[in-house]
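**Student:** Taken from TrEMBL, the feature domain 'HMA' applies to 27-93, 112-178, 224-293, 309-375, 428-494, 504-570. Among the features that TrEMBL reports, transmembrane segment is placed at 594-613, 633-655, 667-693, 699-720, 863-887, 907-930, 1256-1278. If you look up TrEMBL, you'll see 1361-1393 marked as region 'Disordered'.
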Amino acid sequence: MKQNFAFDNIGYEGSAENMPSLLPQTSTVTVNILGMTCQSCVQSIEGRISKVKGIVSTKVSLEQSNAVVKYIQSEIGPQEICQEIGDMGFDASIADGRTTATSVRSTSLGEALMKLRVEGMTCQSCVNTIEGKIGKLHGVLRIKVSLSNQEAVIAYQPYIIQPEDLKNHIDNMGYESTIKSKLAPLKLDMIDLERLQTTSTTKTSASLSNSNVEPVVGKMNSTTTMTLGVEGMHCQSCVKNIEGNISGLPGVQNIKVSLERKNTVVQFNPNIMTPISLQQAIETLPPGNFKVSLPNGFHSTSSGDQLTSTAVLSIDGMTCGSCVQSIEGTMSQRKGVQHISVSLAERTGTIHYNSAVTNSEDLRGAIEDMGFDASILTGTYMFSISNQGGAAAPPAPLVPSPMCYVSDVQPKNSYLDSPKPPNVATTEKCFMQITGMTCASCVSNIERNLQKEDGIDSVLVALMAGKAEIKYKPESIQPLEIVQLIQNLGFDATVIEDHTDTDGNAELIITGMTCASCVHNIESKLTRTNGIFYASVALATSKAHIQFDPEIIGPRDIIQIIEGIGFHASLAKRDPNAHNLDHKKEIKQWRKSFLCSLVFGIPVLILMIYMLIPDGQQHGTMVLEQNLIPGLSILNLLFFVLCTLVQFLGGWYFYVQAYKSLKHKTANMDVLIVLATTIAYIYSCVILVVAIAEKAEESPITFFDTPPMLFVFIALGRWLEHIAKSKTSEALAKLMSLQATEATIVTLGPDHSVIREEQVAVELVQRGDIVKVVPGGKFPVDGKVIDGSSMADESLITGEAMPVTKKPGSTVIAGSINAHGSVLVNATHVGSDTTLAQIVKLVEEAQMSKAPIQQLADKFSGYFVPFIIIISTVTLLVWITIGFINFDVVQKYFPHQNKHLSKAEVILRFAFQTSITVLCIACPCSLGLATPTAVMVGTGVAAQNGILIKGGKPLEMAHKIKTVMFDKTGTITCGVPKVMRMLLLGDMAKLSLKKILAIVGTAEASSEHPLGMAVTKYCKEELGTESLGYCTDFQAVPGCGISCKVRSVEAVLGQSEQSLNEQNWSRRGTAPLTYSVLIGNREWMRRNGLLISSDVNDAMTGHEMKGQTAILVAIDGALCGMVAIADTVKQEAALAVHTLQHMGIDVVLITGDNRKTAKAIATQVGIKKVFAEVLPSHKVAKVQELQNEGKKVAMVGDGVNDSPALAGADIGIAIGTGTDVAIEAADVVLIRNDLLDVVASIHLSKRTVRRIRINLVLALIYNLLGIPIAAGVFMPIGIVLQPWMGSAAMAASSVSVVLSSLQLKCYKKPGTERYEAKAQGHMKPLTPSQISVHIGMDDRRRDSPRPTAWDQISQVSLSSLTSNKLPGHGGFREEEGGKWSLLTNDGDEEQYI
């Protein structure tokens, strides 16, 4: 069937088939070639392939190991090209997805490319099915489906079929497809000059008259005026964009665009320019979202202008000419790229491309996919009209004018990437919760890929919060589609429906308001301001609460608005103790309770001792026992006064706690204490009052001595416990102190020149602000570097001590420290959104949600209280019954009754006395002391052994631990790099080892990098000197190495060394004094023209496989040494891990470092389960996951990044040399930095808990014996308990409990020798296959199935636990091979300066 196109009516009579045939269709394919060794291979391939029929051009790259071949599709195919290269003896294969078709034939048939992700394909048959069915669809030119990538690339004609139709067709076949990227449908491919310049007016007029457009278009003479509708304009910049570009087109005489009316009035010459060409020209302008409607009767066609644009990109990461060639070679093959020029010196690339086929963002992404960092600097468009019809008509001259150039990238606020104010009409914002991100590269991966998508304006991802803020055009894409895109990248994402918390909130204090009219004035001014949703001002408190959109406005702007009206405003300071974790109130209450009980309790104690002194016959006539009035002795009066004060002043807080406990229907220790003291007090008061009323001759024996003694001990225990608890909240205060307090905000002019600087409080920094950070300063906010380069210490988040290079485009973290370069940072996350604020929040949540440990005494009290009350009640009822049945028994054992009392009164009084005696003797004085005394002694003994335990709860919990999680850096390892091995590569006769050490040490002494410092330290130790030579011309290249000149090292060396050298020099005639030194990685050596032999390369690789950093040393242009540097494992680590495992405890390694280093460390210390590349939030989640399985978890760490996990674990154990924050967040601190103390703390906990149990048993023995005696069970055999005997028994029980606790003082911590003896012969070496490595929160193993060189690594032997160094070769020492390094990520070769 003959297909007619709309443009045929104007341009040609006839069909597409009848158009003059132009050049044949050519394609470009990239072929991977293995087996090339030199330039002669390159030349032979190029020579042979270029002679093959159908080959247009061939470019072979030795560095890239590939060939880019342009060929005629009708003559030859990619497989035949591979066959030709294979016949020459090389292995050739088509690079996946690198075939691009360049259609030069019938270019008026516009063509577009789209990429789809296709899920559900299982085999090659699925691929063939999709290619077969889709390839047959009308409008599909070509389709290539990749099974391995689960992708399909389709070239189609956008005016015949649309991307959505293609997607639907694939979905209907039973697969799931999502559009990954689609180029804007090609509009006018090229304006045909012949058509533009030779189409007669009459023909055009005829076609116009046929279309009934007479009313719209004036008489078709040399100038025509037409009104076109334009949708998609947002602001005056769009108006200028259209006017500036279209006015420069040939044939356009005048153009006026109206933003309000959404139209444009154009005056043009119809002989040169047609309305359809105008429509296509406007629609193709950036940003590509203009929609032009023609007057009735005109139809869009598929041919059009070719737009040539120029983009200038900044390219970082290029090191040599080969990088330049690689970029130019690969990019020049991309569809739409006409020319590319890359400058290594300026680190820029200039690309001329057809903007109808590609755009600058795609080009930037393509360069980044090659492994370089790229950012768009500028972009311009110009229109060129190519002559398609033949040479009959000369091309129209291009009319460049200043107005003809327009930025290819979106207008930038203050010359930077700060967000644009959203346009309410076209963009919407959505928030996503993203899980599975482990590092900054995940963030940039998501941001980069989403920004390539059609309809997505901006993406901002917060790593720690796991949230993304996305601005999108709802007509192009929907949130659920964005979720699908994120899931395709390998992350889980969900849309956050209620995202009110993402609005900015500010609380301000406003001074200067006098009346309600001031309030109204401020509120009305604020609510009228763009970006403010809500404003409420309270006159009484002088406070204002404001909700705003942080993208449009910030607290600083709001303060300026209020001050502009004439009031003074400042941010309300957040109370750091708002989280109520500081326990200040409780500490104050318990201290008051203890001191009060002590002041009045000491006299009671003295009186008790006085009472217990046996005094034979004179006991009754003691001074204190003389009655003041009948029934009231001096002693009882003193007891009553002191006890009343203690009971209601010292014991008030116990009553409060007991009431709360009963309200929740539980009986804890407080209930037991309150019950016992209250009953003892009330009973004592009652019998005293009765004795006075009856005018008894002797004052009765009371129990007034019980409450004070009990309150003194318990209050002391509680006070000390809350002091320990308060330490945890200091962690939050310390964390907050890491935050910078002030920030320097700068205003930038063109070329990043600073116009103005301003110091503001860090709370006032807003999103999009440019912040200047000087060397040594803290980064005040999270953001992206836009200018300058430096190193930053980010141990705050990663726990790794190695500084990280920061350059334009790098992300920075609030609270991290800038090392030695001044940088400008664009703020992306401020206030509560910063990483540091997220860590504070994590610690806060962990402390709040930590399940309280129920102490043994509390558990016991739950059963004991009801039991005693029941026994007491039973005693009362039994004696009342016995009394009424047999009154003589009562009379016999209750001889002192008053003659005036009736029989019933005597029985009730006797029954109550026995019942109360039961309660008093069962008083839990000794029970109350059983736990606090043991805990006090236990914590004291622990402190003497270098283990600081905060309170009783961790001490009671440690023995239940089932899993111990270790952080790596600074916990298992020392946390500082150390030289492991020095290998000489040159001739010892030319340069001796000592001389090389002196030269290398001198060179590295000028370096600020931790690796350089480690090398200098090693050289000084080996040479036994503190002074080194002189270094000049020092230069450090980030990520590569250093170069310098070194002299005067002879002074450092010994005399013998010197005389030997003198002989060597005298043979050569002159003495060389200055050495040219290069130290760095392979790349640095290659850049400086040094060849690295395969032996040296193998030696380096061997060390790198062990997780070490290998660097090379070249002196005077010759390689002479290799240094292996690593972060060493602590001597006792393997033994501590083995001992814990022997105790039946699971040991896990959890680290933010890369999987290779983590696995190497685990192999060495014997840990089988490893979690690598883990964020602080992942550590907490992992702890909670194990706790949910019912396990008790201990976390051992030392960094700020460990603090949330330390706070959340059942027991947090911090290393004493760690950060203040970690120490404050933990329950146990190992002062001596010895991992065997982890074992010791668990061991001591077991001993303490055993002692507490013995104490409880001792206390119970008294109760179990005393209760039946007090209840009168043994009365028939004559055993009667006098009240003073009850007091004495209680005192004895308390003393025995205290003495039992003091036995803990004899605890001795097991020594290293004892652990080693136990481990002897049991420590088996681990192979890497025994270790399971998990990435982030992923529970699947991530191991390479094939055995690696690691399998040959020997396990640490017991000898290495005691000796640090082994004898090496060549007269110098070589450290044992099991020490490991810090590599910042899996792909790094060496992070070295």
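Quick reminder: no glycine exception, Cβ is built from N, Cα and C everywhere.
Automatic prediction, not curation, is the source of TrEMBL annotations.
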**Student:** With the transmembrane segment (594-613) as the reference, find which of 633-655, 667-693, 863-887, 1256-1278 contributes the most Cβ pairs under 8 Å.
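**Tutor:** By the under-8 Å Cβ criterion, the transmembrane segment (594-613) pairs most with 633-655.
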**Student:** Give residue numbers and ranges for long-range contacts of the transmembrane segment (699-720): same chain, 6 or more residues beyond its ends, CB-CB under 8 A.
**Tutor:** 587, 590-591, 593-594, 597-598, 600-601, 604-605, 607-608, 611, 625, 627, 631-633, 635-636, 639-640, 642-643, 646-647, 650-651, 654, 669, 673, 676-677, 680-681, 683-684, 687-688, 691, 920, 923-925, 928-929, 931-933, 935-936, 951-952, 1282-1284, 1286-1287, 1290, 1294
**Student:** In the same chain, which residue numbers or ranges, 6 or more beyond the ends of the transmembrane segment (863-887), come under 8 angstroms Cβ to Cβ?
**Tutor:** 667, 671-672, 675, 903, 906-908, 910-912, 914-916, 918-919, 922, 924, 927, 1267, 1271-1272
**Student:** Which residue counts does DSSP give the domain 'HMA' (309-375) for helix, strand and coil?
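**Tutor:** Grouping H, G, I as helix and E, B as strand yields 22 helix, 25 strand, 20 coil.
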**Student:** Summarise the domain 'HMA' (504-570) as counts of helix, strand and coil residues per DSSP.
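**Tutor:** Each residue of the domain 'HMA' (504-570) counted once, the result is 24 helix, 24 strand, 19 coil.
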**Student:** With contact taken as 3 or more Cβ pairs under 8 angstroms (pairs 6 or more apart in sequence), are the domain 'HMA' (224-293) and the domain 'HMA' (309-375) in contact?
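**Tutor:** By the criterion, they touch.
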**Student:** Can we call the domain 'HMA' (428-494) and the domain 'HMA' (27-93) in contact, meaning three or more C-beta pairs below 8 angstroms at a sequence separation of 6+?
**Tutor:** no
**Student:** As a test of reading the model: what is the averaged pLDDT for the domain 'HMA' (504-570)?
**Tutor:** 87
**Student:** Could you give the number of helix, strand and coil residues in the domain 'HMA' (112-178) as assigned by DSSP?
**Tutor:** 22 helix, 24 strand, 21 coil
